[in-house]
Amino acid sequence: MIMMTTTSSTSSLSCSAQRQHWLVLLALFIFVASVLSTESSMPTQNMSHKERTELKEEAREMFYHAYRAYMENAYPADELMPLSCKGRYRGVTPSRGDMDDILGNFSMTLVDTLDTLVLLGDFAEFEHAVKLVIRDVQFDSDIIVSVFETNIRMVGGLLSAHILSEYLQKQADVMHWYKGELLEMARELGYRLLPAFNTSTGIPHARVNLRLGMKDPQLKVSRETCTACAGTILLEFAALSRLTGDPIFEVRAHAAMDALWKLRHRGSDLMGTVLNVHSGDWVRRDSGVGAGIDSYYEYLFKSYVLLGDDKYLARFNRHYNAVMKYVSEGPMLLDVLMHRPHAKSRNFMDSLLAFWPGLQVLSGDLKPAVQTHEMLYQVMQMHTLIPEAFTVDFQIHWGQHHLRPEFIESTYFLYRATGDHHYLQVGKRALKTLQQYTKVACGYAAVSDVRTGKHDDRMDSFVLSETFKYLYLLFSEPQDLIINVDEFVFTTEAHLLPLSIAQLGNSTFSFRQSDDHNVLDFMRTCPSSNKLFPEKVRKPLRNFITGSCPRTTGSGSGGKRLSALDFQASNADHLRAVYDMGITMVSVGDRSQGKVRLFHSFYNAKSHEEGEMGLQFMQEMLELTKLQSMNQLAQLQAVAFALDEHLQDWTALMAGPSHFSPELIGEQFVEGDLVLAKPIRACNEKLTNAEEVKGKILVAERGDCTFVSKARLAQQAGATALIVCDNVPGSSGETQPMFAMSGDGNDDVLIPVVFMYSLEFGKLSTAMQRRPQTPLRVRIMQMVEFKRWQLAKEAHQNETAATTATTQKPDKEL
Ligand code: DMJ
């Protein structure tokens, strides 16, 4: 019998690009191991009907708290500024640069919010709000806006409100006065966006002037747009054409999609993120599923669902296969270069990609959806709120949190697909976290850095149109809702477009299969459009999200052997395969430490063949564990100090490195006296003891500002290194994963910077207090080097002792 123990209690640390490959491998492995140790592997507690109803009502209250704050303090502005408690107006409120291109002084938050009111069953407020929009909103403004944002928030908002107004007229016998005014407004706005489509490729410009079209002199130089910006038009424009009978919108949107498709890399089938609308040249060739491209994929798939055109499914499937081949790395999704897809182009993920599991659920590929969602959930638990971007070892890359909906959206779709109450529990946690950390007196405020929890004066319109809508839907039962959401497609801004739109017909294009799509391409994929007739797919979402692609095989005699690297502890098939191979898993010690012991026995294996496979699996696991600990040790830093006055006897405390400071490699070390920063958080403009700091190693406490800003202050004061100690009492590297501190992308910090948890730092601090008159001398180095140094010292002492022993006669005969 083979027995081994592995652990997930330490996390990988990243200091250099060369290590990226290992990091990916390691992060995957750690993820797998940690899945065993977290609540996700435990049977989820079912949520009672009572609790679910309470949470639904809490989601409703959250919506109203934000909605009222906007209506009472900001309307008719586009957005509420929740800290100043007033409206944000374009051209009036100080500009935030390009970010303000979403604002058109057209009461965006109210328009974006209309259909949420219907889902909440508040027909009176919906009717009132529709009247306000018809009365107050106008588009004839000399303002440059983003085509993409105006389309998804305004055109989409107006269209779904129009559809629901007509629906309520029939179903609830209200709003009899309504005569299609919102549809007319959507048509007008659509026309104002159309000049952006006059490019040689047909791919729309990123921005347009609402009054002057592309004649605005500022737009003369306009060239670049993002893939998502150009590829997230079709749902709204098709609905607009079908509802108004005016084909122009749908024609333009199809043309843009066709032009984009032609720009894919013919070898990899991947797309970049930024392109030139005139030449069609790629400006950024990074290819992932997050910022810059996200909703392009979403609209390919949903265009097929809404419009029934096979070519969009074929295109989606081609891209999807490419993404799963090159971008997907276990549960992670990492950008590659479209023309060199085997090379990762960045080592972090952005929070926008959290929509991807939701899309995978809709397309029927449930397993990877569950995995990526689980990873995101762990990132959320680690940082309280999902940061705008995080590294492959799940550290913060960009610390903002904009109250985005994507993670909750995926949670909702996963719950609908699986019925697993785990997703209700995840939703509950997300809801409570928003309540605790983002609720302010005047609405909900984004967070400028999840490390400090500091609020930002912004509440984007998608908070009301998406975040709270998906939260409410998650906890609702079908009978709570006036409409059957399964009969609708959710746009990327969560606006509802009915599947019946396809029946309105289309006079703009034929359903002919275009030549560049090989039918076999999508027969090989899952779901296969060969088996799924479009009408069937357009039926209730539930019907097409129950299956999942056979992405992994078990160990059964005919199947491929499950390797340790592929093993996913959250995958029931894998657990069964491992069991059949004669391997038993037992959690040891505290589950939170994630220690799992694996036993292998031929007697327990289903067959001799599977027993052999089990043996191989155990050997691979051992190799992985070895790699894991070697890698961790190599990157772990040590803060060493002498236990005696003669600097003979040294001990080392565990510390973590940073992504933004030079790495101490091999025999390199920094030695110096310790000095505490004044003030201890080192966030002010200057240290009050800057003179004393020169030439010493500074100690600062975590909190109030970023790690890198503390480092800059230390460097400015002339410190030779910085130790940041944790601000959470009792934390320790023995029980928590060590991590590498993230920076802000700049490389101006030239002194080494390390992080210590509280218990380890406590030991250092005790040593300092023991000899208050003499400064404590420490050495910062790689932990592995410290160990080597100690071994060499011991060997030397032994040698000396041996030499002495041969030259001196012992006092006693031994
Ligand atoms: C929303 O406006 C839409 O979901 C868009 O597709 C992506 N960004 C925001 C939410 O994060």
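Glycine too: its Cβ is placed from the backbone N, Cα and C atoms.
What TrEMBL records for 1-37 is signal peptide. Per TrEMBL, the feature active site, proton donor maps to E149, E388. Sequence annotations record features per position, and here TrEMBL assigns active site to D294, E406. According to TrEMBL, the feature Ca(2+) binding site maps to T492. The domain 'PA' annotation in TrEMBL covers 670-756. Under the heading region 'Disordered', TrEMBL lists 795-814.
Features per TrEMBL, on structure.
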residue: E149; record: active site, proton donor; Cβ contacts under 8 Å, 6 or more apart: D101, I102
residue: D294; record: active site; Cβ contacts under 8 Å, 6 or more apart: A228, L352, L353, F355, W356, T492
residue: E388; record: active site, proton donor; Cβ contacts under 8 Å, 6 or more apart: D350, S351, H397, W398, G399, Q400, H401, H402
residue: E406; record: active site; Cβ contacts under 8 Å, 6 or more apart: S351, L352, L353, A354, F355, G358
For the recorded positions E149, E388, T492, which sit with their CB under 6 angstroms from an atom of ligand 1?
T492
E406 (active site): secondary structure state under DSSP, collapsed to three categories:
helix
Taking all residues of the domain 'PA' (670-756) together, what is their mean pLDDT?
91
When you measure from the Cβ of the residue listed as 'Ca(2+) binding site', how many other Cβ atoms are you left with inside 10 Å?
25
Can you break down the domain 'PA' (670-756) into helix, strand and coil residue counts using DSSP?
14 helix, 24 strand, 49 coil
